[in-house]
Amino acid sequence: MSRKPLIAGNWKMNLNHYEAIALVQKIAFSLPDKYYDRVDVAVIPPFTDLRSVQTLVDGDKLRLTYGAQDLSPHDSGAYTGDVSGAFLAKLGCSYVVVGHSERRTYHNEDDALVAAKAATALKHGLTPIVCIGEHLDVREAGNHVAHNIEQLRGSLAGLLAEQIGSVVIAYEPVWAIGTGRVASAADAQEVCAAIRKELASLASPRIADTVRVLYGGSVNAKNVGDIVAQDDVDGGLVGGASLDGEHFATLAAIAAGGPLP
C-alpha cells in the first residue's frame, strides 16, 4: 500500500509565539502548495505558540497542519500544569507527540503512561505520534529490535485494533537525537519493518499496512531522501532542522519526491 509521507517538525522548547509566526510563514513561503498533494507537513510547537499558529494557519488557509508536544492523560480537573486533549482539539491540533525520549528520560514517563496518553489523544480526535527508541548500549548489544518491539507493545497497550490504525509511530534511536549521528537508511528500515510486523500481530496486516511509521534522529535535507525511500519508513520526526524554515521546506519537498516542476 502507498502511504503518504508525513514530515513533522518537533520544535521542542524553542521559539516564542512571535518567532513561531515567522517560522510558519517562512515554511509556507518556501514550500509551494503542489507539494502537499504528495507529503503531509506538520509543525509541533510549544503549547504557548499553538494559538498563534492556529490563527495564522486558519487565516491564510495554509495546508500545513500542527500539533502539540504532549498532553495530559486526564480530561480536566486538579492537575496543575497539565494540558488536556480537549484544549488541544479546540486549538485545531491534528497531532500530539506522546512518549518522546526526552519525556521518558527527564520526566520518567513509562509505557503505561504513554499508552494512557495515546488513548486520551484518540478520544479527543487527535492523532498520537507514539515515540519509541533505544539507547546506544541497547543498540551496541544487538538488542535494539527486541527493545523497540517491547516498548511498542507497552505504549499501545489497551488500544483496540482500529485505534492502532489511527496512530503514527515514530522510531527515534535515542543515540541519534540531536547528536548529529544518524542511523543508516538500512538501520531505520530494519526497525521500522519490525514495527510494522508487530503492528500486524497487535491489530491486523490490513491495519499495519495503513499505519505511518516515521524515523526521528538528526533528520535533515541530506539524509531524508534515503530514509523515506525505505519500504517501511513513511516520513520523519524532525528536530533541530525544523527550526530553519527554508531547510525544513526543502526536506519536506525531498520527501514528496521533489523538486517538482
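Even glycines carry a Cβ here, placed using N, Cα and C.
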Which of G59, G165, G178 shares the substrate site with N10, W11, K12, S218, G239, G240 per Swiss-Prot? G178
Hey, which of the binding-site residues G178, G239, G240 is the loneliest by Cβ count within 10 Å? G178
For N10 (substrate binding site), the three-state class that DSSP assigns: strand
Quick check for the class: what is the C-alpha distance, in angstrom and rounded, between H100 (active site, electrophile) and S218 (substrate binding site)? 14
